[in-house]
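Student: Taken from TrEMBL, the feature domain 'Trichome birefringence-like N-terminal' applies to 17-69. As annotated by TrEMBL, domain 'Trichome birefringence-like C-terminal' applies to 70-363.
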Amino acid sequence: MKRQGPTNTANSSKREYCDLVKGSWVPDPRPPQYTNSSCRYIQGHQNCMKNGRPDTGFMYWKWQPQQCDLPRIDAQAFLIAMRNRSMTFAGDSIARNQFQSLLCILSQVEVPDHTYNAPDDRDNIYVFRTYDFTVAIYWSPYLVHVEDKDITWPDNKTQSVAHIHVDKLDRAWTDRISGVDILQISTGQWWFKRGLFLKGNKPMGGHICDGWKECEKEIGFADPYRLAIHSLLKNSLSIPGYTGTTILRSFAPDHFEGGAWDSGGRCVRTTPGGVSISSLTNWMYEIQTEEFQNVTGAMSESEKQRIKLLDITNLAQIRADGHPDVYMKFQPFSKEMKQPPQKDCLHWCLPGPIDTWNDLLVESLHDKIHNY
């Protein structure tokens with residue numbers, strides 16, 4: 001992922017390319033751009049400070065690329081540059097986590113109108129009226145079409161399992177992006193669940209085929225995931241009415257140590273570093289980057305200008321300190337809590353390291369966001 005950085009030419013508005021991915025986290029004395037008091041869009045399970053997290057040092061780091069500086073979003077300048085335009089996020093709860101981070105940053109300039117809120121709260125649209133800038137989030141954890149259908153176990157008991165069409169994009173978001181200027185898509189952890197995969201409406205096989213009758217062949221999730229990423233990248237630019245720029249956000253790692261999410265794993269670090277990238281995270285990341293190269297390599301130059309990779313995997317891997325852990329719940333060690341506290345080492349505290357993803361997103365879009 002590259003952006004154009006300032007040249008050394010006096011009074012020049014041109015920007016030269018800089019690799020934003022290669023770098024390190026360095027201490028930053030500046031406070032976050034918002035707090036849990038100044039932003040109303042933080043969900044309870046990501047409101048780490050309100051929930052009692054005792055340390056604050058995780059908020060005082062910045063990503064420093066090797067060749068240039070990564071500026072924070074200038075919220076007002078961004079809103080001015082995005083006047084009469086729109087941005088959409090499509091994905092799972094981590095996409096929503098990033099969406100809410102962006103809302104928090106921008107709402108320090110203007111509180112947007114909440115123009116749509118789905119009954120299940122998964123789809124939301126906000127409009128910054130002064131700037132006529134619309135930002136939306138649509139729930140689509142696989143990004144491709146999924147049908148929840150019953151499967152049958154040997155004892156004839158049934159269970160609902162996702163039937164995932166790897167070559168069909170999910171209309172939950174494709175039907176709603178006509179005229180959108182910037183589209184960010186992301187999908188990851190939901191592919192680890194039990195599922196049956198289909199291509200051309202015909203079953204390919206399944207993942208976790210542990211006895212259910214409809215799954216005739218265990219194929220795992222990697223090949224279906226690769227096909228889905230390929231389909232997403234290849235077809236997203238030809239969705240009717242959509243002429244904007246598509247950004248694929250790379251895989252977001254978790255940081256459970258000492259066990260998995262359901263077997264005692266926790267994330268108690270208070271400074272960056274210390275957790276090696278897992279083979280699973282690396283696997284997912286490689287699939288995404290390989291397919292991005294495969295698909296864009298076959299595109300015309302004009303098509304290549306409309307598609308980008310937001311590469312956050314490795315810089316996010318370093319930030320094991322940025323998750324809620326037990327502070328996904330209010331005062332998790334209070335006497336009123338009768339059950340052992342849950343832990344969240346997948347989503348991110350707000351404010352926190354995920355704010356940097358939006359800095360990277362905006363900085364990588366300089367060729368699309370004029371006058372910013």
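Using N, Cα and C of the backbone, Cβ positions are placed for all residues, glycine too.
TrEMBL entries are annotated by machine, without manual review.
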Student: Averaged over the domain 'Trichome birefringence-like N-terminal' (17-69), what pLDDT does the prediction give?
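Tutor: Mean pLDDT, the domain 'Trichome birefringence-like N-terminal' (17-69): 96.
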Student: Can you count helix, strand and coil residues in the domain 'Trichome birefringence-like N-terminal' (17-69) using DSSP?
Tutor: 6 helix, 13 strand, 34 coil
